[in-house]
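Trainee: Take a look at this one; I'll ask things after.
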Amino acid sequence: MTAGQSFPVQKNERIVLQISGINHSGEGVGRYRGLAVFVPGAAPGDQVVAEVSDVKKNYARARLLGIKTASPARREPECGRFSRCGGCRLQHINYGEQLMLKTILVKDSLARIAGLEKVKVRAAAGMEHPWHYRNKVHFQVEERPDKIALGFYEEGTHNLTAFFNEGACPGTGCLLVDDELNKLAALIEKLLNRHRGPFGRRILPQKRQSRFFRHIVLRKGFFTGEVMAVLVTGSGEWPGEKAFVKELLSLRPGLVSLVRNINDGPPGVLFGKKSRCLAGREHIKDRLGHLIFRISPSSFYQVNPVQTLVLYNKVQQYAALTGRETVVDAYSGIGSIALFLAGRAKRVYGLEALPDAVADARKNAALNKITNAEFLTGKVESLIPILAAQGQRPEVVVLDPPRHGCGREVLEAVVQMQVPRLVYVSCNPATLARDLRYFADNGYLVDEVQPVDMFPWTAHVECVVLMSRL
């Protein structure tokens, strides 16, 4: 903001707002004298009193001070930590309303970013029981003077909201996480405090102090019941390790995998390169539809197994395979979509840049006795032209990129192959809209979009899109 500019609101000004929607972060959105104002904790239909905390050229942010008139969609959050924890943003809004809002978010992104106002967008597919759905959880570990605590960081900070044995809802854990994993986390916190031992502080290259205990990652095979615990620590001896393992296994004898990962890297890095299996196997298995998947500590595997089946069944429906098609699964990860489609295709190629993920995909193919799937290591934009040069002309390409969407080279390579049918799986409506605009400008019809609510009570929404060549 420069001198002489006049804005509808000023920082610290108190205003009354009518909330009309939410943004992609789950914040309530209202307009004050034409300027969009984002208010965390506000629900569509609320009339609120808010204090402006930041003013930008095209929007402002404000703190919720009070609710003059509550929306019919407003509900009391189940979790007592809701206002502090950074895990979910929408517990104050009825679940049915959340699904409607997510559908609107997708439609708005397609219209505003891509100019695709007339595309058919189905209602978001939700869950019958939208609690305790996560089969994976990553807890931060905080070493306090008197104890070790597990929890999540508050949004945008490194302030830990502890989840066990203190504060609101003591001992209940996270309401989005599988209940067995919550109980295991509480037990691990208790045993870490019992067997923590004396540790010296470690100095990182950035001169920041590091904890010895850094993260606890828990995973569960939803359909197999197999459970994994990964303790991410600094290097060096842990005097209490053997006693910790012995007591944990005596209290939790069904634990399939217990791994210690060594990470002396910067704070933003979850896993280090070295791991040691403390008990059981280095992986667990889970069933997805008719397939078995091997899941290692760092494997990407969808965290909501119930909705993953909804998502993959929609991918299969849109692919419309008859057994004669060649399919390319771009950004194939551990091969879950490629293998899910292999039984209905002539040949499937999975393209993935991460060598460890490709190794897992090949193991999963062997585990399921699938012989018509081949997994290639490399960048998608490099591998697609190689397949074309080899005479491979896929009838279907599935794109499942990370949040930043497909690179321009990927979009160009797919268009050059003149693939008859495209299926795009997206976790970010904004980059999805950008990429769909490119396909629409280069010979493709966007037939239909199906939003899927993979993460209830958060603002995230996934989409499956069908496109056909004109």
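Backbone N, Cα and C define each Cβ position, glycine as well.
What TrEMBL says about a protein is an automatic prediction, not a curated fact.
Got these off TrEMBL a minute ago, pasting:
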- 8-66: domain 'TRAM' (DOMAIN)
- Gln302, Tyr331, Glu352, Asp400: S-adenosyl-L-methionine binding site (BINDING)
- Cys427: active site (ACT_SITE)
- Cys427: active site, nucleophile (ACT_SITE)
Trainee: State the three-class DSSP label for Glu352 (S-adenosyl-L-methionine binding site), counting H, G and I as helix, E and B as strand, and everything else as coil.
Mentor: strand
Trainee: Max Cα-Cα distance in Å among Gln302, Tyr331, Glu352, Asp400, the residues listed as binding S-adenosyl-L-methionine?
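Mentor: The widest Cα-Cα gap among those binding residues is 16 Å.
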Trainee: Tell me whether Cys427 (active site) sits in a helix, a strand or coil according to DSSP.
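Mentor: DSSP call for Cys427 (active site): coil, neither helix nor strand.
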Trainee: Neighbours of the S-adenosyl-L-methionine site Gln302, Tyr331, Glu352, Asp400: Cβ within 8 Å of the Cβ centroid, same chain, sequence order.
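Mentor: So the additional residues around the site are Phe300, Asp329, Ser332, Gly333, Ser336, Ile337, Pro401, Val425.
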Trainee: Closest to Cys427 (active site): which of the binding-site residues Gln302, Tyr331, Glu352, Asp400, going by Cα position?
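Mentor: Going through Gln302, Tyr331, Glu352, Asp400 one by one, the closest to Cys427 (active site) is Asp400.
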Trainee: What is the number of other Cβ atoms found within 10 Å of the Cβ of the residue listed as 'active site'?
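Mentor: There are 17 such Cβ atoms around the residue listed as 'active site'.
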Trainee: If you count other Cβ atoms within 10 Å of each one's Cβ, which of the binding-site residues Gln302, Tyr331, Glu352, Asp400 has the most?
Mentor: Glu352
Trainee: Per DSSP, what is the residue tally for the domain 'TRAM' (8-66) in helix, strand and coil?
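Mentor: Split by secondary structure, the domain 'TRAM' (8-66) comes out as 0 helix, 36 strand, 23 coil.
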